[in-house]
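Here is the structure we will look at.
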Amino acid sequence: LVLCSFLQMGWGDLGAFGEPSKETPNLDQMASEGMLFMDFYTANPLCSPSRAALLTGRLPVRNGFYTTNGHARNAYTPQDIVGGIPDSELLLPELLKKAGYVNKIIGKWHLGHRPQFHPLKHGFDEWFGSPNCHFGPYDNKAVPNIPVYRDWEMIGRYYEDFKIDLKTGEANLTQIYLQEALDFISRQQASQQPFFLYWAIDATHAPVYASKHFLGSSQRGLYGDAVREIDDSIGKILKHLQKLGISENTFVFFTSDNGAALISAPKQGGSNGRFLCGKQTTFEGGMREPAIAWWPGHIPAGGVSHQLGNVMDLFTTSLSLAGLQPPSDRQIDGIDLLPAILQGKLIDRPIFYYRGNEMMAVRVGLYKAHYWTWSNSWEEYSKGIDFCPGQNVSGVTTHTQEEHTTLPLLFHLGRDPGEKYPLSFASEEYQGVMERISAVVQQHKETMVPGVPQLNVCDKAVMNWSPPGCEKLGKCLQPPESNPKKCFWPH
């Protein structure tokens, strides 16, 4: 089982989804040999909550990856966050262990960096990567550089031991992550162990990076270089599975954790194709993701599915592949996609679009109803921060939080995938569809029991000052005195 989840790669970044420069030959071939999902979503328009959702099968508002410090605010896990994945949550690797799986995460964890949140305490057997994103470089006085871990202990820090040249964008990290993946797969094949590899690399997150061989190779600039290197790496992983003779026993799924960050575009951001806005928003550009399932000998080649899918489904589908049932003592939001993947069935299910503690929108069939709209605040917008550059849709891309719970804005995504033309409130179509959607929303809200919010409290003392293993390397730093504060989330 291999799940590849990338940061901020947009729906429009792959040739298979229509990107005109066609610079993703390996992912395009993966799609031609497997199944393309055209209507696949993340559980949140921001990285940490969507990753928590993928590994728990539960909406972030249930697993605690949200904030109540401000209404409908996106929140994540920067260095000074106090919270993380609660012990009460059951993660996919913990459950796969029951079927004898060996589990490895390569890349960014992002579900909390304090000792109790370590991935090896939550079901993973191996880890090579970092607890946070590759921001920096920092001065190690006011803010420490992010550590890179091998299993329980750090082995260095970004910008010190793992170089990223911010001027040229050169970094060898993707190649290191690729080799880790190939070595892990080889070891498990040799020992005949079933395995779960979660390959969560972050080259497409600003500051974007690529290795020397790929720099300057794309028509799309540095971001395109990073995408080309990721594409090449996926090709090598798939070929490795074939060479070892285990491709027909290995289910591989490729997707992203949120839409392309248009705030970083055009130099450091991707494309969401025809969809509205990008990362941070609950418009289609923020939450619809590229997705490909690959399993030679099982998935009919060249398949295209319009099944409504979500990253949370990877939790339930993976358990199904391992012959396991999802936990029955909690609400699981992910569904088993195998009937859709293997038999072409369409399962009727809604998609809920959350931003922080608020359900902003819901999709049922081809219709999407917005109960709240908000792109970003006037305060941020006035500073040049724009999550929807060049895409002003009057009354839709709002800079104040607009409530539409009495009369939701309704779009038909088949006719209007860009969410530009809301249906008339007076139309028969609107009345009939909203009757159906209202029943779905009411049932959802009746069963919603929010988890304890993990993203409310920040404290500089909990940053990556002295991670395990720092003593051996002489890289322990002195933390400041603890001073917990309410986190401020402007987005």
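From the backbone N, Cα and C atoms, a Cβ is placed for every residue, glycine too.
The following features are taken from TrEMBL:
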| type | residues | note |
| --- | --- | --- |
| DOMAIN | 9-323 | domain 'Sulfatase N-terminal' |
| MOD_RES | C47 | 3-oxoalanine (Cys) |
| ACT_SITE | C47 | active site, nucleophile |
| BINDING | C47, D257, N258 | Ca(2+) binding site |
| ACT_SITE | H110 | active site |
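Rounded to a whole value, the Cα-Cα separation of N258 (Ca(2+) binding site) and the residue listed as '3-oxoalanine (Cys)' is 6 Å. Each residue in L7, Q8, T42, N44, P45, L46, S48, P49, S50, R51, S256, K279 lies on the same chain as C47, D257, N258 and has a C-beta within 8 Å of the C-beta centroid of that Ca(2+) site, without being one of the site residues. When pLDDT values are averaged over the domain 'Sulfatase N-terminal' (9-323), the model yields 97. With a cut-off of 8 Å between CB atoms and residues at least 6 apart in sequence, the same chain places C47, S48, R51, Y76, T77, P131, N132, C133 near the residue listed as 'active site', listed in sequence order. In the shown protein chains, 31 other C-beta atoms lie within 10 A of the C-beta of N258 (Ca(2+) binding site). Other Cβ atoms within 10 Å of the Cβ of D257 (Ca(2+) binding site) number 29 in total over all chains. Residue environment of the residue listed as '3-oxoalanine (Cys)' contains 27 other Cβ atoms, counted within 10 Å of its Cβ in all protein chains.
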